């Protein structure tokens, strides 16, 4: 439970969990005439609360339809050193005339960074994209001793293979398990299941063998072995071992013909009928449990795979969290549905602590996108909007969060040649993603191609991702920036329309 609490900061800085790099004085050539303005803006930036997105864009850099993410010159020094550890290299300078990539990510893997040897004094203040710099620093942080210790202490709610890490204890009313004995036996591990399977038969054989021996001993059949004039109830039973063999032969319908129950006594006939009924009940129950144990839909879930990591990038100008699912079998799932849960502890406004609170992540329930036709690998998308719990999360705040995303894929196993074996059984596959397994600014590589008139799926590329240009700000901040630019654009349009409007001539 403590693993899902927010991570406390490691130092007095409230912007990260790593020591911060001190601000270095800028070079005299890089300051130029704007040196005084940069120092004043940097001082004001430090005193104000740190935003996760850069300042409002200038009118000269406004591009319609693309929200600007270029930071102001005054806030460069603060953004360069506050969001990254001391061992992260400074961003490479770019030319002032260099064109930045648009907000929407390019669908090309390994986008090269264009840089030139010489830059002007003013262009040295323009940093590299913040997303690329933060991802470069994240790789260095993962190798640090603090990150390795945090991963070792991390307790998952659900493992990657779908096993729930929850142990139930102090159950007082355990007789409820006996009321559902069939499910209890099926849920046993294989070693205990085989032990129960064998003991059910062995115990009944021993119990009825003892009863046979006791009946033969009371009636005197044991003492009159070989007497042709003695009318025995149970023939050829001279000890417990021979009575045990009679019990096994009677229940398993072997019948070697030497030991048998005769019609000279009524209790022997009743005993044989009772053993036959009990044996049939044990066969029906144990064989049914064995059949269900072997053909459980849980085994079908082993061929449903999930990507190792989640990715966050832009899709249709919206910030989205995505992961990939696939089915390795040619027999497909019928009516496959997928859903996601966010596991995170929080404290309410009244001071109540809720450990491991579960909240729903919308994977397209309102549009029907959560129902899958799982023939080829599918990329599942969660749009980060104002109803999403990740609305306020940025690339910087993602590293300080503690949560887990549980993915649940359900479907009915498609009927094969034996309809009684597979039809109608519901299968469920699960996996989980922690905050360390979410890649900001990446996409999945395509794994399908058209070959010889059919679509070919290459599962060797199932886990592959490539880096794309993605803003490091949260979806909320991007939405606010877009609204601000739209408002500025509309204001300028009204201003120019007012200036260009011809003056109305006075009437006669």
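Each Cβ is built from the backbone N, Cα and C atoms, and glycine gets one as well.
Just so you know, TrEMBL annotations are computer predictions that nobody has curated.
On a predicted model such as this, the values are computed, not experimentally measured, just so you know.
Among the ranges 123-145, 146-168, 169-191, 192-214, the stretch that TrEMBL annotates as transmembrane segment is 192-214.
Range annotated as transmembrane segment by TrEMBL, chosen from 245-268, 269-292, 293-316: 269-292. Per-residue pLDDT, averaged across the domain 'Inward rectifier potassium channel C-terminal' (304-482), gives 89. Remote same-chain partners of the transmembrane segment (269-292), defined as residues 6 or more beyond its termini with a Cβ less than 8 Å from a stretch Cβ, comprise 182, 185-186, 193, 197, 200-201, 204, 208, 211-212, 215, 247, 250-252, 261, 263.
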